[in-house]
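Feature annotations, courtesy of TrEMBL:
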BINDING   A:Cys36, A:Cys39, A:Cys42, A:Cys176  [4Fe-4S] cluster 1 binding site
BINDING   A:Cys46, A:Cys157, A:Cys160, A:Cys172  [4Fe-4S] cluster 2 binding site
BINDING   A:Cys97, A:Cys100, A:Cys105, A:Cys140  [4Fe-4S] cluster 3 binding site
DOMAIN    A:27-46  domain '4Fe-4S ferredoxin-type'
DOMAIN    A:88-120  domain '4Fe-4S ferredoxin-type'
DOMAIN    A:121-150  domain '4Fe-4S ferredoxin-type'
Amino acid sequence: MSLQSLDITRRSATTTASPGQRQTTEVAKLIDVTKCIGCKACQVACMEWNDTRDDIGENHGVYDNPADLTANSWTVMRYAEVETDRGLEWLIRKDGCMHCAEPGCLKACPAPGAIVQYRNGIVDFQEGNCIGCGYCITGCPFNIPRLSKKDSKVYKCTLCSDRVAVGLEPACVKTCPTGAIVFGSKEDMIRHAEERIVDLKQRGYAKAGLYDPQGVGGTHVMYVLHHADRPEMYCGLPKDPAIGPLVGVWKGAAKPVASLALGMIAVGAFAHYVANGPNEVDEENEKEHKE
Amino acid sequence: MKPDPDKLLRFTTAERINHWLVALFFFLLAGSGLVFFHPFYYPFNQLFGGGTWTRILHPFFGVAILFFFTGMFFRFRKSSVLTPTDWEWLRHAKELARGDHRNLPEAGKLNGGQKLMFWSLVCCMVLLVLSGIVIWRAYFSFLFPVTVVRLAAVIHAAAGVVMIALIMGHIYLAIWTKESIGAMLHGWVRRAWAKQHHPAWFREMTGRDE
Amino acid sequence: MNVTRRRFLKICATGLGSSSVVALGFPVTKAQAEVRAFKLARSSETRNTCPYCSVSCGLIMHSLGDRAKNAESSIFHIEGDPDHPVNRGTLCPKGAGLVDFIHSPNRLKYPEYRAAGSDRWQRISWDEAFARVARWMKDDRDRNFLAKNAAGATVNRWLTTGFLAASASSNEAGYLTHKVIRNLGVLAFDNQARV
Amino acid sequence: MTNHWVDIKNANVIIVMGGNAAEAHPCGFKWVTEAKAHNQATLVVIDPRFTRSASVADLYAPVRTGTDIAFLGGVINYLLSKDRIQHEYVKSYTNASFLVAEGFTFEDGLFSGYDAGGRKYDRSTWAYQMGPDGYALVDETLQHPRCVFQLMKQHFSRYTPEAVSNICGTPRETFLKVCEIIATTSVPDRTLTFLYALGWTQHSTGSQIIRTAAMVQLLLGNIGMAGGGVNALRGHSNIQGLTDLGLLSDLLPGYLTLPREQETDFKAYLDKRSIKPLRPGQMSYWQNYPKFHVSLMKSWYGAAATKENNFCFDWLPKLDKVYDILQVFELMAQGQLNGYFCQGFNPLAAVPNKAKLVKALSKLKYLVVIDPLATETSCFWENHGEYHDVDSAKISTEVLRLPSTCFAEENGSLTNSGRWLQWHYQGARPPGEAKADTEIMAGIFLKIRELYRKEGGPFPDAIANLTWNYQIPAAPSPEELAMEYNGKALEDLTDPKDPTKVILKKGQQLDGFGQLKDDGSTACGCWIYSGAWTEKGNLMARRDNSDPSGLGNTLNWGFAWPANRRVLYNRASCDTTGKPWDPKRKLVYWDGAKWAGADVPDLKPDAAPADGMGPFIMQAEGVGRLFALDKMAEGPFPEHYEPFETPIDTNPLHPKVISNPAARVFRGDADEFGKGQQYPYAATTYRLTEHFHYWTKHTRLSSIMQPEQFVEIGEELAREKGIRGGDKVRVWSHRGSIKAVAVVTKRIRPLKVNGKTVHHVGIPIHWGFKGVARKGYLANVLTPFVGDANTQTPEFKSFLVNLEKA
């Protein structure tokens with residue numbers, strides 16, 4: 001584990017480089033939506049492995065339960081009944097952290113080391129360093145992190161970093177009954193997806209494709225979609241996700257520049273004083289009032 | 001302090017207390033806010049009991065400053081109305097910075113610069129409060145769509161920087177203009193000082209123009 | 001270059017500003033980041049079969065302790081057996097949550113008795129429970145056992161007590177149940193094959 | 001399952017009908033996705049609802065609940081009329097060529113021999129024409145007007161695509177597409193598998209639906225093939241095992257049958273069951289019945305069972321009728337039962353018509369519930385408000401609740417749907433004082449035996465002499481019991497070919513049922529399980545998952561009955577010369593001297609193909625039955641009958657015979673059936689993938705995944721009724737009423753049936769008044785108390801309801 005702690009690509013609110021000499025395999029989870037039956041085994045395995053338990057909620061007139069991601073539900077199935085040219089399709093997508101190569105959450109996080117990106121691609125929250133500001137929620141292009149009401153820390157899928165660290169697949173991957181979720185090196189996962197896409201195209205899904213959005217530098221959780229041209233059909237999977245321009249402004253160069261500006265004001269003021277001296281009452285005026 | 005016939009009362013006790021309360025919370029807010037602004041300032045969190053405490057306290061400081069600043073606003077809003085003379089004053093402010101006040105029109109109790117500062121601060125406060133509510137994660141953020149939250153975060157940061165810059169200027173000018181800090185500390189200024197810096201006010205207070 | 005006093009100060013300020021930009025950032029002093037400790041590192045593993053549907057997925061149950069005399073095993077995690085030819089390590093949503101079945105707050109722990117007309121359970125001992133059941137059964141069997149039917153054929157049956165067998169008990173339990181129940185003469189005997 | 005889970009991957013076409021494999025058996029369904037991904041298989045789902053299985057299917061066909069025979073009958077008609085059958089297979093491996101007795105007729109919905117008063121048939125005409133040699137007559141050309149093939153063709157000619165569409169509500173084009181996909185497997189190198197579950201069995205015509213599918217498979221030559229078969233995906237982990245072990249009213253272990261009360265003569269009892277071949281050279285394996293039976297008696301009674309006393313034949317209780325669960329609750333409701341035991345079974349939830357069940361349980365003197373969980377049945381006397389409104393003070397049943405262990409706390413074996421026996425191990429101690437089922441049964445038995453010893457009583461012989469030589473009498477170990485049902489030699493056993501050679505010494509474990517004797521020299525508790533624990537040890541615990549053939553028959557993993565065979569009827573995967581129909585699926589083959597291959601051959605291992613021994617060795621004919629003789633209650637050919645509650649109130653094929661004429665209906669229950677006028681919607685119950693029956697409402701994780709009771713309705717019906725998703729609705733049948741949240745979905749579409757629009761209402765089961773999930777109504781408040789004519793499986797899948805916004 002101590003070695004693992006050095007295999008870091010990025011660390012939130014840290015401007016110097018992390019030790020990163022080691023080159024570990026870049027991993028990825030591939031979710032083949034076309035094989036998914038929406039059984040929620042992944043949801044259960046996730047909670048079981050991570051020792052979280054959500055509330056026993058209510059039925060909201062749909063199969064989705066829990067209805068949304070929470071600090072205890074790090075993954076949920078989202079069900080969409082969509083009419084396409086093939087008739088009715090029940091598009092079921094496992095939602096959760098995409099483990100972006102350019103993570104918006106990490107970019108937004110003000111707490112040093114509360115979010116890290118390991119060299120293998122996993123973006124992990126270190127709740128011990130989290131201050132609970134929720135900036136990561138603001139920064140995420142996929143609306144994933146959730147703030148716990150209990151401890152005001154933010155939680156999300158860790159891609160089972162603890163399992164991956166010892167060479168195992170994530171819990172959801174292992175449990176998936178139909179093999180809709182697979183795990184391996186990112187390279188292998190892309191190859192696996194390509195095989196699946198050939199099969200889907202043979203079955204008439206002309207627009208089948210891989211979802212690995214480049215707007216966030218690619219992701220370490222990818223989807224095989226029957227309709228890759230319309231990801232929004234899958235309960236609003238963003239078509240072209242990117243770290244929002246506002247987040248860019250907010251967390252980009254603006255802040256060092258603003259800091260510099262403040263520094264300049266201080267320095268400028270000092271310089272002004274040195275150059276011009278204080279603004280005092282004129283001697284003439286003084287005299288007048290002495291008398 | 002007993003009234004000194006040589007001196008003029010510039011700020012009442014209530015005004016002074018109000019000012020310093022706002023100042024106090026400004027420093028708390030700026031210090032805690034900068035923690036989230038950039039990693040460079042993160043160590044400031046130690047002043048507030050760590051990162052999490054800083055996150056918890058900052059918005060409550062905001063609530064406090066909103067309360068006191070509102071008080072200030074009602075105290076000074078009338079005396080801060082900008083007149084044509086103030087604009088004229090502002091046009092000559094650059095000369096003043098170089099120490100040359102010959103062409104400066106006579107300032108009242110507050111000069112054009114001070115008034116402008118007041119309204120700038122009011123603007124910043126409005127922006128900070130509104131955007132601050134939107135990004136107050138514990139109570140309000142879930143009410144707004146993420147794009148609004150993102151916009152609010154940018155506005156909050158920007159307004160915060162502007163406000164800090166303004167206050168830095170304000171502080172420097174207070175230091176630069178000798179004796180003005182005393183005016184805010186004990187309230188009294190010498191007649192000469194008043195005549196020098198706020199001639200119109202001086203006349204108004206003394207009825208004299210020498 | 002004619003450096004005036006003012007200009008000199010400006011240069012100093014710029015230099016100071018830019019060098020502070022370079023220094024911006026929080027030094028990396030604490031532990032960088034660590035993943036959660038792997039919770040199965042030294043747990044005990046037991047092979048089992050999922051008790052739900054008839055796919056009969058292979059399970060690995062992880063329990064506390066290394067089976068030392070002083071350690072009480074308590075199962076805290078269950079996952080699929082990757083060697084099992086049918087499930088190959090996978091588990092469905094029910095199987096993946098088995099640990100909550102084992103530790104369900106509604107697991108029965110003691111024999112309990114409810115008297116006629118009562119609205120509560122009362123805890124009893126196993127001896128008492130066995131004695132009571134045996135008494136009920138024998139009294140009913142003695143009274144209602146049919147050795148011969150109206151036609152005089154030997155039928156040796158007992159129709160006034162019935163037995164419903166389980167759907168998830170082991171073959172061994174099922175075999176013993178059949179052996180015992182049939183030899184008391186019970187015919188009203190069924191299992192959960194249909195429902 | 002004729003085949004097994006992994007074998008599904010070998011299929012080319014997979015039909016999920018009468019079940020929802022993705023929902024109920026997700027981990028088994030992986031072999032469907034595997035077949036799709038790596039065998040380019042086509043998945044077709046036929047269901048009233050667009051299910052989770054349908055979500056990954058290549059084709060979905062809607063069908064009205066309870067009309068599966070019409071659909072499959074239409075498929076048979078399509079295959080026969082378009083001549084898309086596997087001719088060689090049909091000719092050699094089915095009874096298509098057999099001539100049927102002249103008296104057999106079918107008119108206006110009824111077969112010959114119907115007794116309307118008794119609601120049953122005299123089945124004597126449902127027979128073959130017999131030759132003077134005692135064998136059935138056949139016409140290999142299949143042209144004889146009385147041969148099964150011609151009669152079948154005629155019978156199913158009524159099931160035209162138009163008739164199917166009219167009855168089932170399936171669009172004609174969709175139906176024909178399904179037929180075409182099915183027909184592609186009539187060639188020798190393509191197979192189809194049927195995956196079904198309670199969606200077929202829980203109908204008043206359930207057994208006949210399954211038969212119809214089996215007939216389709218026989219016509220296509222898909223039985224005995226890798227990737228073929230008719231596969232029952234059983235619901236519970238060991239319901240296969242408990243059925244194998246005969247825990248049913250009329251069975252003994254290993255599908256041996258209890259004598260009826262008329263059968264007082266031991267020899268006649270055995271002869272009737274030692275079925276003689278109906279064609280020359282056939283194995284007719286039930287001829288060995290006496291060996292299985294006598295060995296069971298020796299296992300139970302030991303030395304007390306002797307040749308002289310007919311191996312204690314008289315000790316067995318004799319049947320006057322079958323006491324299935326519906327019959328028993330009917331008797332209980334009439335006050336004819338005093339005591340009842342529920343071992344790991346929650347009948348208050350699992351048997352239809354809850355109101356009747358509560359009434360019945362309240363009439364008992366004592367109820368004993370053995371369960372790991374606090375079930376509704378054990379608490380049937382508790383008041384739980386609207387969900388279970390009873391007056392405890394008025395219920396005088398004494399109840400005893402005994403805590404048992406769960407899977408994790410015991411050793412033992414379970415038999416999966418593919419007939420694999422697999423051993424499991426204890427991982428923790430049970431909570432509190434909970435005891436294993438074996439200990440509880442032993443505790444009860446020892447106490448009763450002691451009472452009989454002390455006090456005497458009627459017929460104590462079977463109790464006193466029951467073998468009980470377990471090391472700890474109060475806690476027989478699973479290992480001892482497994483060795484007992486496997487069986488052992490009671491004398492030295494010699495090789496039949498060489499009597500001087502001892503193959504097993506006295507006391508040694510048997511290698512398999514082939515060694516059983518009818519002279520009392522062997523003991524075996526369950527003949528089909530013989531071979532599970534031999535002198536080699538516990539074969540159920542084997543863990544070698546190697547699969548040299550790649551067909552998925554891991555012969556060294558666990559033990560499969562019978563004789564470790566993985567695919568039943570696998571002899572039929574070869575042509576008459578012993579060559580595999582498809583060289584890529586070489587399950588078994590004749591190597592010139594014996595049968596060899598990737599599976600244990602389902603035939604005498606040295607029966608040369610030239611000798612013509614048929615592949616269906618348990619049948620007297622040696623072939624598969626397209627004509628069922630007298631084995632089915634309602635006829636030798638399947639016929640479409642409407643559910644007892646039908647939304648169209650008629651049967652378009654024969655309006656005078658609407659529902660199954662041979663189904664048993666108890667007097668009071670007929671009055672409780674609803675009519676389409678009052679209850680216009682076709683309802684069906686089912687389980688969700690997140691849940692297991694009524695158990696997982698005690699499990700937090702499962703409850704989180706589907707926390708609250710709901711019913712599913714289509715968008716059109718919802719619009720008509722002004723219901724939006726998430727609204728509370730009230731659903732009621734003629735028997736009771738429930739309230740639940742409405743899930744409004746595109747996945748349930750109205751169907752056009754016989755000129756009428758039929759809406760379905762989907763009612764998931766699971767919720768009740770006990771557990772950690774939200775409280776709900778037991779869904780059997782609504783369901784009718786009638787069962788399949790053969791198995792008495794309740795008709796949970798087709799009934800009528802009405803509904804409104806609550």
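Positions of Cβ are set from backbone N, Cα and C atoms, glycine also.
Each residue in A:Cys42, A:Ala45, A:Trp49, A:Asn50, A:Trp74, A:Thr75, A:Gly96, A:Thr158, A:Leu159, A:Pro170, A:Ala171, A:Val173 lies on the same chain as A:Cys46, A:Cys157, A:Cys160, A:Cys172 and has a C-beta within 8 Å of the C-beta centroid of that [4Fe-4S] cluster 2 site, without being one of the site residues. Put simply, A:Cys36 ([4Fe-4S] cluster 1 binding site) is 12 Å from A:Cys172 ([4Fe-4S] cluster 2 binding site) when counted between their Cα atoms. In terms of C-alpha distance, the listed binding-site residues A:Cys42, A:Cys46, A:Cys157, A:Cys160 place A:Cys157 closest to A:Cys100 ([4Fe-4S] cluster 3 binding site). Take the Cα of A:Cys140 ([4Fe-4S] cluster 3 binding site) and measure to each of the binding-site residues A:Cys42, A:Cys157, A:Cys176: the nearest one is A:Cys157.
Residues from the set of binding-site residues A:Cys39, A:Cys46, A:Cys100, A:Cys157, A:Cys172, A:Cys176 situated with their C-beta under 8 Å of a chain C C-beta: A:Cys39, A:Cys176. Rounded to the nearest whole angstrom, the C-alpha distance between A:Cys46 ([4Fe-4S] cluster 2 binding site) and A:Cys105 ([4Fe-4S] cluster 3 binding site) is 21. With an 8 Å limit on C-beta distances, the binding-site residues from A:Cys39, A:Cys46, A:Cys140, A:Cys160, A:Cys172 that reach chain D are A:Cys39. The two recorded residues A:Cys39 ([4Fe-4S] cluster 1 binding site) and A:Cys97 ([4Fe-4S] cluster 3 binding site) have their Cα atoms spaced 19 Å from each other. Contacts of A:Cys105 ([4Fe-4S] cluster 3 binding site) defined by a Cβ separation under 8 A and a same-chain sequence distance of 6+ are given as A:Ile115, A:Val123, A:Cys136, A:Ile137, A:Gly139, A:Cys140, A:Ile144, A:Pro145, A:Lys156, in order along the sequence. Highlighted in sequence order, A:Met98, A:His99, A:Pro103, A:Gly104, A:Leu106, A:Val123, A:Cys136, A:Gly139, A:Pro141, A:Phe142, A:Ile144, A:Pro145, A:Lys156 have their Cβ within 8 Å of the centre of the Cβ atoms of A:Cys97, A:Cys100, A:Cys105, A:Cys140, the residues recorded for [4Fe-4S] cluster 3, and are not part of that set.
On a Cα basis, A:Cys36 ([4Fe-4S] cluster 1 binding site) lies 20 Å away from A:Cys160 ([4Fe-4S] cluster 2 binding site). Relative to A:Cys157 ([4Fe-4S] cluster 2 binding site), the binding-site residues with Cα atoms inside 10 Å are A:Cys97, the candidates having been A:Cys36, A:Cys42, A:Cys97, A:Cys176. A:Cys42 ([4Fe-4S] cluster 1 binding site) falls within a helix when secondary structure is assigned with DSSP. For A:Cys160 ([4Fe-4S] cluster 2 binding site), the count of additional Cβ atoms within 10 Å of its Cβ stands at 28 [all protein chains shown].
Put simply, of the binding-site residues A:Cys36, A:Cys42, A:Cys176, the one whose Cα is nearest the Cα of A:Cys97 ([4Fe-4S] cluster 3 binding site) is A:Cys42.
Long-range Cβ proximity for A:Cys42 ([4Fe-4S] cluster 1 binding site), meaning a same-chain Cβ under 8 A and a gap of 6 or more residues, is found for A:Thr75, A:Met77, A:Lys94, A:Ala171, A:Cys172, A:Thr175, A:Cys176, A:Ile181. Per DSSP, the domain '4Fe-4S ferredoxin-type' (A:121-150) is made up of 5 helix, 5 strand, 20 coil. Sequence-distant neighbours of A:Cys36 ([4Fe-4S] cluster 1 binding site): residues of the same chain at least 6 apart with a C-beta under 8 Å from its C-beta are A:Met77, A:Ile92, A:Arg93, A:Lys94, A:Thr178, A:Ala180, A:Ile181.
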